[in-house]
């Protein structure tokens, strides 16, 4: 009966999604024929890893797998999921529910991790690492994502901090000094006003259209989105203030495109690279764009600095992803070892920041020097510039996203109801009230239908 | 009569003819089965089986991604949850609102285009081809073009409206009051050629002598249209209305391409809501329950339309 059920679900649900992993994207890209393999005489263990088509096709991914095999003798086979971003999880969910035995699942952000962890789909790694004598606390410290107190399902494979990229030409033309060091949102707004020039189609600021941006100030202040009893805390004045503040940037101050303009014109996330925006607030993952002159040709220089803060919340915003192990993995120890290796070494391949906290100055400087070297020479970005923007000892750290019991739903509700305020079709109070009501409904529904 | 005589085969001409006829009928029946079988197998696998599976999981607790082995029977709890879900309830009303805009406009547009193209004029064949173009256009291309046309910031539609003195032109896809209406208009534009072709065939089947007799009696154009054309094509109208109504509830693609349910949830119709519940929130059983409710709603509407046809459809 179980076999029949699985067979039916496999065919029907995969049919609903439209593409099957095996049919459309599953490829065996294992570097099994790597000359570096040291265990050629023994049948190596093969573990499978869901990756996006974008990551799967990158040469560095192949190099990374080859290096890991050379070191461990374990094959890591890519299970490429068509699509990019969070869209892949729709297919991953179906595949897992239908009995998919892929060992490793990439957790792109805290919401994804929270969703899989709360659904009890992931293998806790604490015991495996303790048994192997691996001290993950010392390695990753405050950057570890922990659940229910102490449980870890993944190790952070990098660290993304929110920063401000700026267009030096627009600053120079407006005769405005480049920002550096700690600064406030009031200073950011004043700077953006000076940079904005409607006659040239230049906005002083640009921000992404994520849910985070609608509760940015509250997040920086460390306000919890849930009350102690588990219900929504969105009636806290900080959330209202945040939404209103963001709305005014586009609608009243006009230092950046309004939400209506972003949506109706479908302004893309990389619009800053057109050279028409003075500053871009975004995660440090965005460094790939200034580094890529082929896709984003430009003759203007880029700088970067740390995220502005509110006097009530002197916190930077950071997030990290990682790989988690499927609870049903048949090679859990090998999979956990790859998670460890990837978390420790990914920065060498991706060119991003590592989440390891126990690096000495020399190691740390080496990483920043390597990242800086990837920027075009015209930008003149140094390791010190990067350190100043990304390592912010003057600031605390708060997570990027609201997670908790309804991680996906909460963000969706904030975006949907917040949008109505931002496009002028709902009052601020009504929007906040709707977010709280719907979040509470979702929390209740979560317990009703489970 | 001896036993031997009684068992003697009957080779009479009638009997042979009857046997041959039966054999031919059997052969035809078998041939028919062979022709029907591919469709029937496909229908069972891709139509009936998913439907019954959706019905089955709508009573289970498949509301987080979990192994099928651990599913449990939850009775009507998913259906009861719909009653307390304001977003789900409103999504049904939004679907219905879309239907009552889309179906009449689509039918009228298809009929008027067919009447126009049924006349003789210069470049008639070329004109018919032009009218068909929206129907063969890709929905993504359509969404890009109409998003640009209806862009509140510099879209050509609002530029024209502003030029002719409209102070506050609509927000179209970005307006809570206009998102569904605008999407329905685009859907009518994209789909009316099908109605037009079917009507064109029906119009060409209306006997000319009816019009000639009416002309002799002094009937006006309107009278010919309302007393001859409309009644004569009413079976076609019934077919088109009932299929358009059913199709109008299957509107995921166009809403996903044009509004994604926004602004906010202003255009989050039932199909979009089900998709979000299933594939964003992993509420598979809950989504299946919503789909079954939608199925019942469509069934009821179709039954009402079927029952009402006696009053206006002339066979």
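In case you wondered, yes, glycine gets a Cβ from its N, Cα and C as well.
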Range annotated as transmembrane segment in TrEMBL, from B:170-190, B:191-211, B:254-274: B:170-190
Of B:31-56, B:57-82, the range TrEMBL labels transmembrane segment: B:31-56
Contact check, the transmembrane segment (B:170-190) vs the transmembrane segment (B:284-304), 3+ Cβ pairs under 8 Å, seq sep 6+: no
